[in-house]
């Protein structure tokens, strides 16, 4: 049997061990979310939050400490450095995980993330802070996407859509919790260090995980794959599981790169189409998420509501994504159309600064682009073989960086 049959007939597609793998991924998603939105709060201007948060003082803002109030472009550079690091991390970690395995790369990334995150809280200038934010983006971006692929590979294919949506919902919860945490922990150094110490939790979780059987199978290491699948089956409650796989990969020592992905006409076409979809999703999603102070007077409420707005959209995806009349493609068409409509509707209120109409259109647009984002996140790994599954994510991170610039 091949590995998909083995999961379906012997190991189980979503047993106790896979539930643990999935929960570990959810914990990681929840804890890494604040890294993306940290600068939204610590990079705000005092005049933007003094009236809505009684806890703030001059220690709450990097702009006050480093005299950046009249140099807002510096904060844009700092945020851009995070996404540049994210981009490079995905490229490097993706290649490393395809060559050396998912688990070892995740362990390396998450172990280095804790000290680098702490260094951000001890920065002595905006230049050093930007450098550490680059490092945080490099490590969190690369390691977290490797874990996403790892989770999808450990779980049976029929669960991929549902688990992907739950991960997106967890990220939305992370946005809400980040807003609440930033409201009460206002000194920017303390907030940064608090987020850094939380990174220890996913690091410990990774140690409990095994290597990806699908990755081992793609490398032709059948004996190791069979032993690992037996181990997983026993953890799922089977007493005497028997696993016998047929060889699938002939060139077991071949290493695949982005060139291999683009060398085949079919995968090249898919990669280019998905690159454009990632561009649109990243541009709109992060433009709305990182511009909370521009569409509402209350920064914390605006960011928190944007997180909550994703839940109805994710519920809509959950209901429709596996329906025969809808599926991935039609769902993407619906979500893109509606998100584009609400994005254009915001322009109708461009003369009204922080009006309720602009805020409502922003929330509705965020809702639909979140649904689209979740769908394309699920759809992408399904379109490519295991040996190059990490590479299609590279355009996504590139477009996030471009949007930040």
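Using the three backbone atoms N, Cα and C, a Cβ is placed for every residue, glycine included.
The transmembrane segment annotation in TrEMBL covers 19-44 (among others).
If you look up TrEMBL, you'll see 77-97 (among others) marked as transmembrane segment.
According to TrEMBL, the feature transmembrane segment maps to 104-124 (among others).
The annotation transmembrane segment is assigned in TrEMBL to 130-150 (among others). When Cβ-Cβ distances below 8 Å are used as the criterion, the transmembrane segment (130-150) is approached by residues 21, 25, 28-29, 32, 35, 39, 77-79, 81-90, 92-94, 97, 102-103, 105-106, 108-110, 112-113, 116-117, 119-120, 123, 167, 206, 209, 212, 377, 381, 389-390, 393, 397 of the same chain, each at least six residues removed from its ends.
Under the heading transmembrane segment, TrEMBL lists 162-185 (among others).
The feature transmembrane segment is assigned by TrEMBL to 191-210 (among others).
Summarising the annotation, TrEMBL assigns transmembrane segment to 271-293 (among others).
Feature annotation from TrEMBL assigns transmembrane segment to 299-319 (among others). Packing against the transmembrane segment (299-319) from elsewhere in the chain are residues 37, 40-41, 44, 48-49, 52-53, 162, 165, 168-169, 171-176, 178-180, 182-183, 288-289, 292-293, 331, 335, 359, 362-364, 366-368, 370-371, 374-375: each is 6 or more residues past its ends and has a CB under 8 Å from a CB in it.
The transmembrane segment feature in TrEMBL is assigned to 331-351 (among others).
What TrEMBL records for 363-380 (among others) is transmembrane segment. Remote same-chain residues near the transmembrane segment (363-380) are listed as 148, 160-161, 164-165, 167-168, 172, 274, 277-278, 280-281, 284-285, 288-289, 305-306, 309-310, 312-314, 316-317, 321, 328, 331-332, 335-336, 338-339, 342-343, 345-346, 392-393, 396 (criterion: CB distance under 8 Å, separation of at least six residues from the stretch ends).
Contact between the transmembrane segment (271-293) and the transmembrane segment (104-124) is not supported: fewer than 3 Cβ pairs lie under 8 Å, counting only residues 6 or more apart in sequence.
With Cβ pairs under 8 Å as the measure, the transmembrane segment (104-124) is packed most heavily against 191-210, out of 19-44, 162-185, 191-210. For the transmembrane segment (191-210), the residues of the chain that approach it from at least six positions outside its boundaries are 20-21, 24, 27-28, 31-32, 34-35, 38, 41-42, 103, 106-107, 110-111, 113-114, 117-118, 120-121, 147, 150, 181-182, 185, 228, 231-232, judged by C-beta separation under 8 angstroms. Proximity of distant same-chain residues to the transmembrane segment (162-185), defined by a Cβ-Cβ separation under 8 Å and at least 6 residues beyond the stretch ends, is recorded for 22, 25-26, 29-34, 37-38, 41-42, 53, 55, 148, 151-152, 155, 191, 194, 289, 300-301, 303-304, 306-308, 310-311, 314, 317-318, 321, 370, 373-374, 377-378.
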